[in-house]
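First the structure, in the form of structure tokens, and then the observations on it.
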Amino acid sequence: MIRSVLLRALAARPPSAPVPGHLHRCLLGTHRRKIKPEQLELPNQTREFVYSLSPETRSRLLKELQTFESKTEDSGEASRLTAAQLRYILLHNAIPFIGFGFLDNAIMIAAGTQIELSIGLTLGISTMAAAALGNLVSDLAGLGLAGYVEALAVRLGMQIPDLSPRQVDMWQTRVSSHMGKAIGVAIGCILGMFPLLFLSDEEDKKPKKDSN
């Protein structure tokens, strides 16, 4: 579905047409805006994504889509995925999300603690309110750090799983992909709890009152 919409949008877009100015403003920054696959199922969103690409990138994308579709038509019945392929798909999707979960939890804990010890004491906000503000800081940081995490995952040398077009569309592939993301986030969030090791319990600092 997404590939068909992309092909139609690429065919309707002239290769040398300039990118609209408002899209340039949307893409200012170190990394381009991240587009999720499910966001490309609507024609307008797909067209906006295609318009944001440079002519060279648009040509490469069109060529790759046409090659993919031709392989799909030429290939017969898809061979079953092996256990090694499923493990690699899971690992390939888990590694980037370990970084996402780690940064999200670590920044939230560190920021929430500092907010509680500074602004929280001044304004008298609760611990949950400080945690919510820490989560806000973590989400804002994630907007800028997501691209760097993806770039680091690519530098680790993990190649895209070598699958046929029909194997890509198998339900086993999608399940392994989602499981890898879930496991990666879980591991990353657990590792991201490390700031708690450096936070002393405030209750231990308070002098204990002698019971009468």
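Residue numbers in this text run from 1 along the chain shown.
A Cβ is built for glycine as well, from the same backbone N, Cα and C atoms used for every other residue.
Under the topological domain names given by Swiss-Prot, Thr82 lies across the membrane from His178.
Assigned with DSSP, the residues of the topological domain 'Extracellular' (110-116) fall into helix, strand and coil as follows: 7 helix, 0 strand, 0 coil.
Counting residues per DSSP class in helix, strand and coil order gives 12 helix, 0 strand, 6 coil for the topological domain 'Extracellular' (161-178).
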